[in-house]
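*Asks:* So that we are looking at the same thing, I have put the structure below in structure tokens.
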Amino acid sequence: MSNSRMQAPHLPTEQQNSSQAPAPVNLPPIHHFPPQQPAMQSQPPSYTAPMSSNGAPPPQHPQPYPPPQYQYQNGVPPAMQAGVAGNGQNGLMRIPLPHAQLDSRHMSGGRHKKEIKRRTKTGCLTCRKRRIKCDEGQPTCRNCFKSKRECLGYDPIFKSQSSPANIQPAPTGNPASSASHPGAGNPYHQAPQTFPGTGGTFIHTAAAPGTSAPPGYAYASLDPALSSGDPSAHMAHSNYPHTLQMQRKVRVIPMEDLFALNDIPPRYDSREARQPLSPPIQEELETFIKYHYVAGLDRVLETTWYSQRGWSHLQRDPVLLDFVAQCAEQFKQRDEASEKLRTSLEARIVWQLATMPRTAAQQTNGAGVGADPLLQEVLARIDVLENLLTGQFLDPSRIPPPPQQQAPQPGQEPAAANQKYNERSFWHHLGRFVSLRDDTTSVQKEIDDTLNIMRNILSMLENRDVLYSIAIGRHIGGRMPDFHPQRHLVASNNDPNNPVTKLSIAHSFVESEDQRGTTQVIQRICSMAIRGWILSKR
């Protein structure tokens, strides 16, 4: 990996010229400029991560993202970030410093360089991605017209309107309660260390009463146009009138069909005679699995089964172990022409590893499942996730049981007990949502109530944000005949209760996580979700 990819973007160095008196120019406060991000340590360097399902270049480990808009530290909501900026260690308050008076030549970093105007939040998506000023022309801005680039239109949040929009801030938690336990750790969710993101969450909600917010993730921006995706992957805006049907059209989609991202099925050899793996190769595969997938699976399903038992179970499954070895060999290749093939292959390995608990339960003939609460819990969540991605309905008997509020165990923090309660509550209601037949009109209110409960316990956790967004895409997008996942959806207003607005935000977020999720597991879960939406529209 070249040094240019490892270095985060940084501001031009200010140049001083003592021979000329600069004209007074008032600079904005220092927190307006993105902070410089240090280069991150990368391990192991021998694998090339597949590209995202929509054609974006492959994210590396770690990924050199643009500076974050927000970066949550210890669960601090965005409302508190106005006066507090996380520095990656203790979230100390950042105080604006006095600035020297520099002329435009000094700001641009050179005498003959044209000043770059960074008014990018209200321009078209193309200019915002290029970080240049946009004249906001309709339907195509002048910059795109002159440079013969495709103008991707305007984001629904910043799209100019004829009348002022009634914009309401996203609900945030009480700052006092959110920061009341800054040092409380969450044993089930640790912020990822090797997959830096770009800040911002899909939606932030207040924690349940008496619950301290767990450490939040720092992951991809809501705006997919600001990510590293290929501009051609974002098609024209959908400004047509939207109709929402009362029933969702359900199509049977096998899980195997979700692996064929970009309509390219994964390619591998189903070898009957498998050669035994040498100890050095097994050690390499263990590192490969633990670094790329084990932690991500634990976070998505909110369990510790994969980190505690995943590798030992994989060693007893020669078929899956041989497939993992093939994937590891293919991911070492640097051929860009086969990137899409590796992306589909990674979708399959993510799901094959995710369903290892099913094989473990079969090996015990079901006798040990009831005596193993950890295995029993993760099995139910795998069933929920599978039906969520395929658009099918979960057997009501497989809904994760509702949580029971229990007193903290001796030596256990009350916050940890509340977090476990919210975790089980989220999966219970997600299971209820997936089991409700929205191909009828009799359960619409129950579905809405279930989604609202899930929304209130997202707790700034990336996996819940992703799963909730996929649920919104399934429920609303499946009932909107005009919606297509490969078209950028634009809502007519910013009303948070507007179904089109909800779908637009959820769709954009899943697209963004498909490209820049904090783990490969999150990325491929989003890839398969988008693939399922596409197949359901065919």
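For all residues, glycine too, the Cβ spot is worked out from N, Cα and C.
Annotations per TrEMBL:
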- 25-37: compositional bias 'Pro residues' (COMPBIAS)
- 56-69: compositional bias 'Pro residues' (COMPBIAS)
- 162-180: compositional bias 'Polar residues' (COMPBIAS)
- 406-418: compositional bias 'Low complexity' (COMPBIAS)
- 123-151: domain 'Zn(2)-C6 fungal-type' (DOMAIN)
- 1-94: region 'Disordered' (REGION)
- 162-207: region 'Disordered' (REGION)
- 393-418: region 'Disordered' (REGION)
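Any idea what these are sitting next to in the structure?
*Replies:* In the compositional bias 'Low complexity' (406-418), helix, strand and coil residues by DSSP number 5 helix, 0 strand, 8 coil.
Per-residue confidence over the domain 'Zn(2)-C6 fungal-type' (123-151) averages out at a pLDDT of 80.
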*Asks:* Tally the residues of the domain 'Zn(2)-C6 fungal-type' (123-151) by DSSP class, grouping H, G and I as helix, E and B as strand, and everything else as coil.
*Replies:* 12 helix, 0 strand, 17 coil
